[in-house]
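Listed in Swiss-Prot:
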BINDING   T10, G11, S12, I13, G36, N122, E124, G203  NADPH binding site
BINDING   K123, S149, E150, S174, H197, S210, N215, K216, E219  1-deoxy-D-xylulose 5-phosphate binding site
BINDING   D148, E150, E219  Mn(2+) binding site
Amino acid sequence: MKALSILGSTGSIGLSTLDVVRQHPGKFTITGLAEGHDVGLLNEQINEFRPDVVSVRDAASADQLRKLLGTHKPEIFYGIEGAATVAAAEGAEMVVSAIVGAAGLVPTVSAIKAGKHIALANKETLVVAGQLVSDLVKKHNVQLLPVDSEHSAIFQSLAGHRTEDIERIILTASGGPFRKTPAEELKLAGPEQALKHPQWTMGAKITIDSATLMNKGLEVIEAHWLFNMPAEKIGVVVHPQSIIHSMVEYIDGCVMAQMGVPDMRAPIAYALAWPERCGTGIGKLDLAKIGTLTFEEPDMERFPALRLAFDALKAGRTYPAVLNAANEIAVAAFLDKKIGFTDIADTVDKTMQAHEAYAPVELDEYLQADRWAREKAREIIG
């Protein structure tokens, strides 16, 4: 029986994780849950999974939850500190890090320092503080297992192979809802259109990131840290069917790819059960029915966010943290209809150009860059 704590339990990844857990009552148990937006749903999860500790967004949410609780009464915390407490709490062997954005960094670091294995869905943890997190993973001798479908695919395709035999890794991208949209029309695109992802069902922020291709850019940076690959050995190809989740090309010209229907329960289950596998309840892949798999080069002129991410990775230092923070602010402004679709990447670009980068060492130095970029992006948006 593997004990889990889930950070972001009421979000898309959290719900899919609990669905996998629900299918394997003799394999997994829940010791901690943390959420930020839906106290009512968290209460339902508490009644079903009976965790020892939980965390909510703020003190008011904690008071609301106390009034809702039934017979099972876990210890309640709140805020980032509360999520960090749940992440480090005794009992859990693995922590599923699925809080959206840079807010997931501090709790994930707390979990690593407490010796927990990490199932990482929060790519921003590595984007913002990849060097720090990588060093801590080694220091505390924990496993960092990818939950993103692309990185799970690479992880599986690397099994049994030497790093020196890798020519490059290739991340696949669906292309998002605007794959064929002319540049002049992108300026007029609103949140309603951008939120219509052609393949995946995800939260609002990551869906917008997929539309701008910033999500793929963040995944490039994540792949760099997960697999110790330089930017020059990380490629991106648009694959609209989202059947091949990513590939590894070896020095002999052979390419290993992981395929499957687009359902996040598959990579989640792989991370939870690793080094074993477990059932997911998802549909079987029928290649004959699909018929055709197609591939295209990404258009970095129409989607400059991907280029900005490569630039940030190559420049290093605090640039990836600034890229991520500015993007979070810009996406929120777009969802609130304060800026246009193409203004998202423009805001990130201007924030990066204004930044005087430095080499961070301590966690607070990474967070300082994050805070600066948020303020600067808000100033640019006006």
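Just so it is clear, glycine is given a Cβ too, placed from its N, Cα and C backbone atoms.
Owing to the predicted nature of the structure, the values given are computational and were not obtained by experimental measurement.
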I13 (NADPH binding site) CB neighbourhood, other CB atoms within 10 A: 28
Among G11, G36, G203, the one of these binding-site residues whose Cβ has the fewest neighbouring Cβ atoms within 10 Å: G203
Position of peak Cβ density within 10 Å, selected from the binding-site residues T10, S12: T10
Largest separation between Cα atoms (Å) of residues that the record links to 1-deoxy-D-xylulose 5-phosphate, namely K123, S149, E150, S174, H197, S210, N215, K216, E219: 19
Same-chain residues at least 6 apart in sequence whose Cβ lies under 8 Å from D148 (Mn(2+) binding site): L120, A121, K123, E219, E222, P267
Per-residue Cβ crowding (10 Å cut-off), top of binding-site residues E124, E150, E219: E219
Among K123, H197 [binding-site residues], residue with fewest other Cβ within 10 Å: H197
Euclidean distance between Cα atoms of N215 (1-deoxy-D-xylulose 5-phosphate binding site) and E124 (NADPH binding site), Å: 10
G36 (NADPH binding site) and E150 (1-deoxy-D-xylulose 5-phosphate binding site), Cα-Cα, nearest whole angstrom: 26
Between N215 (1-deoxy-D-xylulose 5-phosphate binding site) and N122 (NADPH binding site): CA-CA distance (Å): 11
Tertiary neighbours of N215 (1-deoxy-D-xylulose 5-phosphate binding site) (same chain, Cβ under 8 Å, six or more apart): I206, D209
Alpha-carbon distance [H197 (1-deoxy-D-xylulose 5-phosphate binding site); G11 (NADPH binding site)] in Å: 17
